[in-house]
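TrEMBL has this to say about the protein:
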type	residues	note
TRANSMEM	18-37	transmembrane segment
TRANSMEM	76-94	transmembrane segment
TRANSMEM	101-119	transmembrane segment
TRANSMEM	131-155	transmembrane segment
TRANSMEM	167-183	transmembrane segment
TRANSMEM	213-233	transmembrane segment
TRANSMEM	269-289	transmembrane segment
TRANSMEM	296-314	transmembrane segment
TRANSMEM	326-344	transmembrane segment
TRANSMEM	351-369	transmembrane segment
TRANSMEM	482-504	transmembrane segment
Amino acid sequence: MPTPATAAGLRIRWEQGLFWLLLAAHLLPLWSHRYFLTSDGPAHLYNAWLLKAMLLHPGSAAHQLLAFNFNPEPNYLSHLLLGGLLTALPPWLADKLVLTLYVAGLPLALRYLLGALRPDASWLAVLSFPLIYSVVLLWGFYNFCLSIVILLWALGYWLRQVRPGRTLGSVAALAGLLTLLFLAHPLTYLVSGLLLGLLALAAGWQQRQVLRALGQLAVAYAPTLPLLGWYFWHKGAATAQPAQQYGENLWSWVRLEALHYSGSAEGTYRWLVALLLLAALVAATGQLWRGAAIRPVLPWLGALLLLLVAYVALPDEIAGGSIIRPRWGLLSYLVLLGGLGAVPWPRPLRVAGLGVGALVASLFLSFRWQKFEPYQLALADYRSALPHLRPGTSLLALTYADVTQLPGGPELDSYLPLFVHAAGYLGTEAQLLCYENYEAETGYFPLVWRPGRSPISEYGQYPTRLNPVLYQRAYRPTYVLLWGRAAAAATSPANAALVAAYLARYGYRQQFRSATGLLELYGQPGPRPRAQP
């Protein structure tokens, strides 16, 4: 008969084994194909490569159109990581490794944080697996996704190493994490201040060292807080009116709208996750009712309520950033898990929660995976143009419609514009100068268009509008790629007419048409001028 210590060790290994099995399973959609398609991801990959190319080749043609953005923008981390990896690895592998930092890092970082709260709380990390493939990831918000991982690690590090009484070296290490967090995303950086401030107040108050705890935080934030002030000074405040539909927003938070990007069948799985979180919340409330200490829960409860207010009441565009509400939602769900980790969990509840959580995570993952597969077929169709692109030339990619179904093939069941920046994959692999580069238009990333040199505008229209610089001989693209023209009517007939006239005026001829007919590649006859990035 096993001793109590042996039985406890077996339970821990069982819980750890299940966690690692789920972690490996959630990496499969990411690693089963050459690229994991997201909306903005190809643009991040391409701009990281272009940044590297421009740094290594100061005399390249790209410098005539683009300039370095030397402002301390909090959106550089993924570009620095990708650019560094691209010096030694192929684009597809560099992209996968950065995404792996998020997909594997999220549950690992949460587990690290939960273990710092209570030794018996680590099992709650299983509940984070359904949150991984959220709409935030599918939008391709690489920097924000990485910022979540850094936030969780910073919180765990504070609880383990930087509580009042620890050395200055621990505070310096926390400052390093916060610097990485600032380089990733300003919203998560702000939320870190909220959470760490509340945790510092709670710990300091309990130990009668409030001023010392807040002083440690002030030192840790000192290198980056002035940069955040500069950011908001230059970007301004909210760019939209406060939300009005408070009840609808609250209901969308309850039904986990931050996980929504597929069809109606997805709602069933989101409700399973919502009910799982609700059951955990009810069980935790029962523990508090039975006399468990409520003080460790209060910082998390306060942060959760503030994030919920932000989700419901704040606009979806803040300081130039857009699609903010899903980010509030994802952060609030993780804070909820943090609060659950501050509550003691008897063994029967842990076993039940672990089993049900693993089942729900597995079901949701299987649903997600089969929804991802049709997009890989469409991406293969898009990338079939690659052999027809001459390295070192230029490409103008224009999207005519959000393709919802492959001709004679499966439905593409998502409302996200997943192919609008897909030319970034082609540009990176063929080393092209791509004119469809929304990042350079925003001013939030490492590269910006020089004044009067932006090739296209009206990014919300299909197709986008051609700007005057494209009519100059030196900047005419070697290739023009049209995506989705056969799928639906253009949302901007005027812009579509301009494109047709442009192709005819400069003698572009179709050089390739994909198997589905969704992609058309046009090139100029005769020798193709090189536009080496």
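For all residues, glycine too, the Cβ spot is worked out from N, Cα and C.
Curation plays no part in TrEMBL annotations; they are all automatic predictions.
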Contact call for the transmembrane segment (213-233) and the transmembrane segment (269-289): at least 3 Cβ pairs under 8 Å, seq gap 6+: no
Most Cβ pairs under 8 Å with the transmembrane segment (326-344), selected from 18-37, 101-119, 167-183: 101-119
For the transmembrane segment (351-369), sequence-distant contacts whose Cβ falls under 8 Å of one of its Cβ atoms, 6 or more beyond its ends: 15, 18, 22, 25-26, 28-29, 123-124, 126-127, 129-130, 133, 262, 265-266, 269, 272-273, 276, 279-280, 283, 345
Folded-back contacts onto the transmembrane segment (101-119), same chain, C-beta under 8 angstroms, at least six residues removed: 19, 22-23, 26-27, 30, 81, 125-126, 128-129, 131-132, 137, 142, 145-146, 148-153, 155-156, 159-160, 296, 334, 337-338, 341-345
Same-chain residue ranges lying at least 6 outside the transmembrane segment (18-37) that approach it to Cβ under 8 Å: 92, 95-96, 99-100, 103-104, 107-108, 111, 122-123, 125-126, 129, 132-133, 354, 358, 361-362, 365, 368-369, 372, 375-376, 379, 418-419, 422, 425
